[in-house]
Amino acid sequence: METAEFETDLSLFKYDNLEQLPPAYRELEEDERTERIEAALETLSDDVVILGHNYQRREIVDHADFVGDSYQLSVEAAESDADYVIFGGVTFMAESADIITDDDQSVILPSMEASCPMAGMAEALQVDAAWAELTAETDETIVPITYMNSYADLKAFCAEQGGLVCTSSNAHEAFEYAFERGDKVLFLPDKHLGENTAHRLGIEDETVEWDPWNPEGTDAAAAVENDVILWEGYCQVHERFGADHVEAIREEDSDANVIVHPECRREVVEAADVVGSTATICETVENADPGETWAIGTEIHLTQHLQRWHPEVDVIPLCGDACMDCNAMRQIDPNYLTWVLEELVAGRERNVVEVAPQEKELAQVALDRMLEI
Ligand code: 13P
Ligand code: SF4
């Protein structure tokens, strides 16, 4: 298959908010920045660990001590004894790291602008109201599961109601945990991950969407007739993939393999050869035979990393030149990383993410349940 070199100019799509950054850090060139980051890391030594999500830019991933998916990063955070955990990721990940780490460790998010829109689609207050409506309509037990991509107060809510957190790599285990303890699942906030997981477990006709923005259209009595209630949230990046992208790849090269993230729509997941978290996507490409073609349906930075890390495999983006760029992840500009590290060297902690103590304890229960399944 003839594949175009991946040349999309990501800067065309770029929206970085550098305003929180002192002016002297806004225009750093890569060579100088790399030198300064390395110098700061040498001084800080074991006091600092940098965790980088697979969707982070090359300049962040290159400096990370550990790169992985949401689940792997939460395990790394739990196991780290560094004083400072610098999180190359988004707010909910840094919050989770703060919950999991000891009280004397600080979690630093280089830019406070890095907020996942999906996490904002299920606010604890809204969920509270929906919960009251749903539980009033049934005597059966509903177990709430929240995707990691949610804020600490929602994680705390799930713990309080006997539920737990999951990531894309353990959602089916979380469903099993819930059905062992209850009759129904309320899955938040990603309807696609919830639906894909329900299908994987054979619960195909027993799912319903709950749209908190359309209260008239959502009937609680009808909703609780179903086994799985899916909150109407989604990832703006993964929702852009369509089954037509998979068809186009297959038409061009019938030998091409397609792997997608489970945040993609049901029809995309059904059309793909493999579905899995970003760690599964990495492992699949790592284990591919040289010369194989893999079309990747996820955030574009990971596709680019895989192209660099595995030049022997033909790694292509699932939707050609369309730019599947997560603007929340992009906010972790390497200049911000330079700033927070140099501030630590100067004895100042910047952008520390701290979960309120009343939420922390319960949210930890929900995360611990996940780490145990
Ligand atoms: P994973 O790394 O867990 O697959 O999650 C993807 C994602 O969208 C994180 O925001
Ligand atoms: Fe959120 Fe989607 Fe970005 Fe992940 S890729 S951080 S779910 S917007």
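Using N, Cα and C of the backbone, Cβ positions are placed for all residues, glycine too.
Here's what TrEMBL has on this protein:
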BINDING   His53, Ser70, Tyr147, Met148, Asn149, Ser168, His261, Pro262, Glu263, Thr278  iminosuccinate binding site
BINDING   Cys116, Cys235, Cys326  [4Fe-4S] cluster binding site
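Features as recorded by TrEMBL, highlighted on the structure.
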residue	record	Cβ contacts under 8 Å, 6 or more apart
His53	iminosuccinate binding site	Val67, Gly68, Asp69, Ser70, Leu73, Gly88, Gly89, Val90, Met93, Thr278, Met329
Cys116	[4Fe-4S] cluster binding site	Val90, Thr91, Phe92, Asn149, Cys235, Cys326, Ala328
Tyr147	iminosuccinate binding site	Met118, Val165, Cys166, Thr167, Ser168, Ala171, Phe187, Leu188, Pro189, Asp190, Leu193
His261	iminosuccinate binding site	Ser168, His238, Val275, Gly276, Ser277, Thr278, Ile281, Gly297, Thr298, Glu299
Glu263	iminosuccinate binding site	Ser168, Asp190, His192, Leu193, Tyr234, Cys235, Val237, His238, Glu239
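For the recorded site, Cys116 ([4Fe-4S] cluster binding site), the DSSP three-state label reads coil.
All protein chains considered, the CB of Cys326 ([4Fe-4S] cluster binding site) has 23 other CB atoms within 10 Å. Farthest C-alpha pair in the iminosuccinate-binding residues His53, Ser70, Tyr147, Met148, Asn149, Ser168, His261, Pro262, Glu263, Thr278: 17 Å apart. Apart from Cys116, Cys235, Cys326, the residues listed for [4Fe-4S] cluster, the same chain places the Cβ atoms of Tyr55, Val90, Pro117, Met118, Asn149, Gln236, Val237, His238, Glu263, Glu299, Ala328, Met329 within 8 Å of the centroid of those Cβ atoms. With a cut-off of under 6 Å between the Cβ and any atom of ligand 1, the binding-site residues Tyr147, Asn149, Cys326 reduce to Asn149. Secondary structure at His53 (iminosuccinate binding site), taken from DSSP and collapsed to helix, strand or coil, is strand. Screening the binding-site residues Tyr147, Cys235, His261 for a C-beta under 6 A from any atom of ligand 2 leaves Cys235.
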